[in-house]
Amino acid sequence: MGNCCPGSGDAEPASSDASTGNGSSSFKAGASPSSAPAQNKPPAPIGPVLGRPMEDVRSIYTIGKELGRGQFGVTSLCTHKATGQKFACKTIAKRKLSTKEDVEDVRREVQIMYHLAGQPNVVELKGAYEDKQSVHLVMELCAGGELFDRIIAKGHYTERAAASLLRTIVEIIHTCHSLGVIHRDLKPENFLLLSKDEDAPLKATDFGLSVFFKQGEVFKDIVGSAYYIAPEVLKRSYGPEADIWSVGVILYILLCGVPPFWAESEHGIFNSILRGQVDFTSDPWPRISASAKDLVRKMLNSDPKKRISAYEVLNHPWIKEDGEAPDTPLDNAVMNRLKQFRAMNQFKKAALRVIAGCLSEEEIRGLKEMFKSMDSDNSGTITVDELRKGLSKQGTKLTEAEVQQLMEAADADGNGTIDYDEFITATMHMNRMDREEHLYTAFQYFDKDNSGCISKEELEQALREKGLLDGRDIKDIISEVDADNDGRIDYSEFAAMMRKGNPEANPKKRRDVVI
């Protein structure tokens, strides 16, 4: 992976500051400096994931309420026992780390976060701990909400405000690239506000898919979130330029309220990205400045070699402080679309949390065995005929159309066969999103009175329980999902919403916990 950091056991910087909780087994919060060391205490065993002595995070922090939950773990509020300072603790269950690649991914996430330590707009990793059951990452707590929250809270919006936000984002990416790191999952949800103060800094978070890179190194695995994935990622040949594309998509959304590449399915979104046709004719684009459109075009150039760099973005006249970005308010429709786009993402997040709990560890393991049994000629790839026969033998009830859909979605390189990674990615995606029982389980979570419909009150109650929405967003969701305009969401409307442009492109690789 071109790592430019030391091994995971050496990644953590030394510190004697108790408030950092730096995971060093030589210091316990609250211990007296004059305390005599324990006699004949056996050394702690070395953890297989982090490669250093295991330590109980609860000896330093009090773990509090759950903040978020994902397929691979839970994020909780935690409090440092000695100082009372609050942090976020991301806990990854070791039983979920079933492959060597999984373990390496966690190690790399820790290495990268320590490598970026001290950068003012990157969430700081305070400590990494490992016990017998889990790995715990204690991080700076960002309590101010997501990127769009600041825009929506102000109630008015200008190109100059968008330029200011984008400048911070690109400065973060420029720093990452200068330090040899590609983020690979840039999206509005991964930029959080440190607090609810108006001048609170914006922080980049979620480095679970990030990698170290060397100049000229080429990556091939498809990772990220569908709307924001660069075309060269889908072609399995990319470098740091892919981050610029993702930020270009964010800029497009900031200016008009919707993504530039849209379709009814993830596969359709990918096709739209590969076509690369960006709409600058629909409202509000005729009223957006020429300078803003010029920057978007340069960031969304389908050829990564011709795409503008982070340094060049920062020197573009539109993004510069007191530059060309006009200070006149953007169309109210842009604000409404932003609210709706954010609200829909939040609704899906809540539903995905329910669905994530439906896919068992046994199902994941079973998918690996399924691939082996389908690959009848042991070629390492399977054809559509092998897929059809294999699914039938497994007793999986899929229609011919669903088999074809699976094949098309999985065959990322378009060569007519799917390899192991493509198969696991696509089948896990189907298990999480398209299986009827999983969707229905999620629907029932919202349908509190079992009436067969989700009312405004039920939706508000469920999302408030998850801490995801305030009341202003409920109307936006209802109006978007409620196809028959009866003021409620029935199962067919819910299922259509869940299947529309699912944002997760590679669930197999993901270890992030959605907050």
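Cβ atoms are placed via backbone N, Cα and C, with glycine included.
Look at Swiss-Prot and you will find Asp447, Asp449, Ser451, Cys453, Glu458 tagged as Ca(2+) 3 binding site, backed by sequence analysis. What Swiss-Prot lists as Ca(2+) 4 binding site is Asp482, Asp484, Asp486, Arg488, Glu493. Feature annotation from Swiss-Prot assigns compositional bias 'Low complexity' to 14-38. Feature annotation from Swiss-Prot assigns domain 'Protein kinase' to 61-319; the stated evidence is sequence analysis. Annotation source Swiss-Prot lists domain 'EF-hand 1' at 362-397, citing sequence analysis. Here Swiss-Prot flags 398-433 as domain 'EF-hand 2'. Residues or ranges marked as domain 'EF-hand 3' by Swiss-Prot: 434-469. The feature domain 'EF-hand 4' is assigned by Swiss-Prot to 473-504. Look at Swiss-Prot and you will find Gly2 tagged as N-myristoyl glycine, backed by sequence analysis.
Sequence features, as recorded in Swiss-Prot, placed on the structure.
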residue	record	Cβ contacts under 8 Å, 6 or more apart
Asp447	Ca(2+) 3 binding site	Cys453, Ile454, Glu458
Asp449	Ca(2+) 3 binding site	Glu458
Ser451	Ca(2+) 3 binding site	none
Asp482	Ca(2+) 4 binding site	Arg488, Ile489, Glu493
Asp484	Ca(2+) 4 binding site	Asp490, Glu493
Asp486	Ca(2+) 4 binding site	none
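A Cβ within 8 Å of the Cβ centre of Asp482, Asp484, Asp486, Arg488, Glu493, the residues given for Ca(2+) 4, is found for these other residues of the same chain: Cys453, Ile478, Val481, Ala483, Asn485, Gly487, Ile489, Asp490.
DSSP assigns Cys453 (Ca(2+) 3 binding site) to a strand. Summarising the environment of Cys453 (Ca(2+) 3 binding site), the number of other Cβ atoms within 10 Å of its Cβ, over all protein chains shown, is 19.
The Cβ centroid of Asp447, Asp449, Ser451, Cys453, Glu458 marks the Ca(2+) 3 site; residues of that chain outside this set whose Cβ lies within 8 Å of it are Phe446, Lys448, Asn450, Gly452, Ile454, Ser455, Arg488, given in sequence order. A coil conformation is recorded for Arg488 (Ca(2+) 4 binding site) in the three-state DSSP classification, outside any helix or strand. Neighbour count (other Cβ atoms within 10 Å of the Cβ, all protein chains): 20 for Glu493 (Ca(2+) 4 binding site). DSSP gives Glu458 (Ca(2+) 3 binding site) a helix state.
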